[in-house]
Structures are given as C-alpha cells and as structure tokens.
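Colleague: As annotated in Swiss-Prot:
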type	residues	note
BINDING	Gly11, Leu12, Ala13, Val14, Met15, Gly16, Asn34, Arg35, Thr36, Val76, Arg77, Ala78, Asn104	NADP(+) binding site
BINDING	Asn104, Ser130, Gly131, Gly132, His188, Asn189, Tyr193, Lys262, Arg289, Arg447, His453	substrate binding site
ACT_SITE	Lys185	active site, proton acceptor
ACT_SITE	Glu192	active site, proton donor
Amino acid sequence: MSIKGDIGVIGLAVMGQNLILNMNDNGFKVVAYNRTASKVDEFLAGEAKDTNIIGAYSLEDLAAKLEKPRKIMLMVRAGEVVDQFIDALLPHLEAGDIIIDGGNSNYPDTNRRTITLAEKGIRFIGTGVSGGEEGARHGPSIMPGGNEEAWPFVKPILQAISAKTDKDEPCCDWVGKEGAGHFVKMVHNGIEYGDMQLICEAYQFLKDGLGLNYEEMHAIFADWKNTELDSYLIDITADILAYKDADGEPLVEKILDTAGQKGTGKWTGINALDFGIPLTLITEAVFARCVSAFKDQRVAVSQLFNKTITPISDDKKEWIEAVRKALLASKIISYAQGFMLIREASENFEWNINYGATALLWREGCIIRSAFLGNIRDAYEANPGLVFLGSDPYFQNILQSAMADWRKVVAKSIEIGIPMPCMAAAITFLDGYSSEHLPANLLQAQRDYFGAHTYERTDKPRCSFFHTNWTGRGGNTASTTYDV
C-alpha cells in the first residue's frame, strides 16, 4: 500500500515551495500540487529532489494521496482564487477534512468561508503567515484562526514549522474562531507599515537634519540593535545603509523614493475607522507611501516653495539620542494602537484573543519581530484587561522619560521642514489620549447648532441628551444620531 501524505499544499510559488520544504525537514510527508503540472515536475526535480515530497497532478490525485482527515493548505493569491480552489476541492473531500488558507486573505472572507464550509462538514482555518520567503523556509510566524475543531489536527505541523523563541516556544498558537487569525495578521502588517515609516523618519532626520553620512548612520543603527530598539527592521536598516553599489557609493541613495504597497495597511486603516479606533500612526504610514508615489508632482511643487533644510549645528550626540528615544516612544504608540484595534475586534466578534500570546507569535520569524515584544507579552500576562499598552509601568516609564526629547525632535523637524507624519501622529495621539479635557465640547455644540445632534452635559448624568435652539429660530427637533 502506498504511503499517504500528512498534508497537501496547493501553490508552488516561492512561499508554497519553502513551506513544503520546511514541513519535509520537520519529518512530515507532504503532497505538492500546482495547477500547472510542469511546476510540480520542476519542483520535484529541483528543490525537492531527494526528499520525501510527493507530487500530485490533479485535485482528485491530491485528495487520494492524503491521510484522513485530509489537511490541505492553500498558498495561492487571496480573493476569488481561494474560493475557486475551495469549490474545486469540495467534490474530492469528506466530512471532517480540513482546508487551510495560508494567504493574505481579508478576514471577512475567512469569516464567511469558516461558516459556509462548516455547513458542508469541512473544517476551515485561515492563517496568517509572516516572515517572507526566508521565514517560510526556516520558520515563520503563524497566526491560525477559524474552526477550532481543526486545530488539534494541524497544530503539530504548524507549530513544528514555525519560528521559535530563545526559550523554544513556537511562534504559532490558536488565535481565535473565524477570521481572528487573518485579522491579527492584518494588524501585524499595519504595524509593519508603521515601524518602517518611523525608521525612515529617523533616517531622514539623521541624514538631512544632522547632516550625517551613510557610514555614521550605519554605525548608529548598528548601535541601536543593542538597545530596546533591537529588531529585524533595525537590523536590515543597518545592513542597507552600509551596502555599496558597484561604484562604491551607497546603493540606497540611488533607489527612487517611491514606495509600493499591497493593500494590507489600507485594510488596517479602514477597519480602524469602522471600529472607531484612532489608529493614527499606521494610517499616516499608509498615506506617507501614497505621498511618495506622487514623485513628479513632488518635484514640481518643490520648485515652487524652494525649501532648503539647514542641518542642525548643535551637539549631534544629544540629537542622536533624542531621535532614538523618539523612535522608541513612537513605536510603543504604534503597537498600543494596533492592540487597541485587535481588542475591539475580539470583543465585537467574541474571538477571545489572548493579547500576550499574540505578542509571542510575533517574537520571532516575522517582519516586526523585536525584543520588546517580550515586554508586551509580560504586560498582558500581568494585566489581561490592559486597554492601553502605555499604561503598563514598563512602557509608561519609557514614554514619560522620552517625552522631552520626543517633542524636541518633532518640533525641530517641523521647524526645518522635514516631514515626520508618524512621529508627530504618535505624540499627538498620546497628548489627546492623556488629556482629561479636549475641545470636543465645542465640536459637539457645532453639531447641535447645525444638525440638532444633541449633546451631553457635564452637570448631568451620562447618556442624558440635550438640544439647544441656538438661534431662537426653528423648533426643538433633535437628531436621533449622536454617535457613528
């Protein structure tokens, strides 16, 4: 009798191939399928040569070569393609079989697929996979959610192939039902946008604001790896700043300053608006990429305003430390806002997400892996009900001690004309969030004046609503809409 596979993988692009090789390295028998049969042959004759990986040349063949309950992972483009493969697979599956979507699917699609497939007896998992090609090959961060009945069957495989912390803890655990895993992956990607933009703002301040050269900036980022800023993105930034082109000049200086995006940052911002969460830093990071895309327009407008940035002549060591503190404090706000969004979704959908465990999922293997994720985990383990990460004593102390330098860097950037949308958004958010009184009383009065939207009074119990006839004309009709 032929040997059956432990899991099947559909999709032999680089991510799919590397996950298959990772599974093989961890002792699992994998059946590989691609819609283009020649890709299967090429893979088996190339990267998968002399392994235990099995090829399949139709979906029927794939299903026949798997142990029951069948476990099939889709590594295909998000969207309609996922639904097409699910529909094509169903005739070859039985009740209890498991489909795993490992792509960057939008969580409402995962919600829908989990429910509709459960009605057909198929258990569905939507899992975020982060870490890129290298992570897929040697250990990614994996964020599974969906039908929890499927988790015991796929847990040994997914945890085996995931990244591990220095304590050998897998960066993979059950996130929650339905689309919880893909939602957490979406927020991860949004935080990634924020982290990258914050680093870029620090880089521009060092380069244009302080007039530092690339060797000096490389040394600074390399030094920051030995601080609380230690992270994958700081690490690769140090490498990038040191990299020379063929002519010996820094390569990054020759890269066109227009940044691309795939849309997950936008998804994060849209969901923040839908849930009413002030995800100000991440949305500014998305908009910064949008601004960068207008290269020709930026060149034209720059000639209208004749902006010249004059480097600061003060003690550069003090400014470098101030930038480090501003970067760290802003990063804390980015993660704080991200976890506020995760909490709101978890409560809204009753996902019961463990926030400390979520931080652990990102500790290794993914793009935002960093040392202080361990501190985030500690904060939520000490206080699972923690609403704002900055309220934890460890993070509160960092924010408080960074405040003066943080303000100094943002103010100076505005003074000399360096755009700093994310650092400015971060400190502005904290100023607003830590204010007992905001000018929203005037705003609500304006709404009541022109739209009879009503207001609450400070001298009356909450949820008691009032309307004023501000002009003495018209009636006392009040809008029924107070909050969005």
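Yeah, the Cβs are placed from backbone N, Cα and C, and that goes for glycine too.
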Colleague: Between Asn104 (NADP(+) binding site) and Arg289 (substrate binding site), what is the CA-CA distance rounded to a whole number of Å?
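Modeller: Cα-Cα distance, Asn104 (NADP(+) binding site) to Arg289 (substrate binding site): 20 Å.
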Colleague: Helix, strand or coil at His453 (substrate binding site), per DSSP?
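Modeller: DSSP assigns His453 (substrate binding site) to coil.
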Colleague: For the C-alpha pair, I'd like the distance in angstrom between His453 (substrate binding site) and Gly11 (NADP(+) binding site), rounded off.
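Modeller: About 53 Å separate the Cα atoms of these two residues.
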Colleague: If you count Cβ atoms within 10 Å of the Cβ of Glu192 (active site, proton donor), leaving out that atom itself, what do you get?
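Modeller: A count of 23.
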Colleague: At the level of the C-alpha atoms, what whole-angstrom distance separates Thr36 (NADP(+) binding site) and Tyr193 (substrate binding site)?
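Modeller: Their Cα atoms are separated by 34 Å.
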Colleague: Hey, of the recorded positions listed (Arg77, Lys185, His188, Arg289, His453), which one tops the CB count within 10 A?
Modeller: Lys185
Colleague: Taking only same-chain residues 6+ apart in sequence, whose CB is under 8 Å from that of Gly131 (substrate binding site), what do you get?
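Modeller: Long-range Cβ contacts: Gly139, Pro140, Ser141, Ala163, Gly365, Cys366, Ile367.
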Colleague: Fewest neighbouring Cβ atoms within 10 Å: which of the binding-site residues Ala13, Met15?
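Modeller: So among Ala13, Met15, the binding-site residues given, the one with the fewest Cβ atoms within 10 Å is Ala13.
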Colleague: To the nearest Å, how far is the Cα of Ala13 (NADP(+) binding site) from the Cα of Arg289 (substrate binding site)?
Modeller: 27
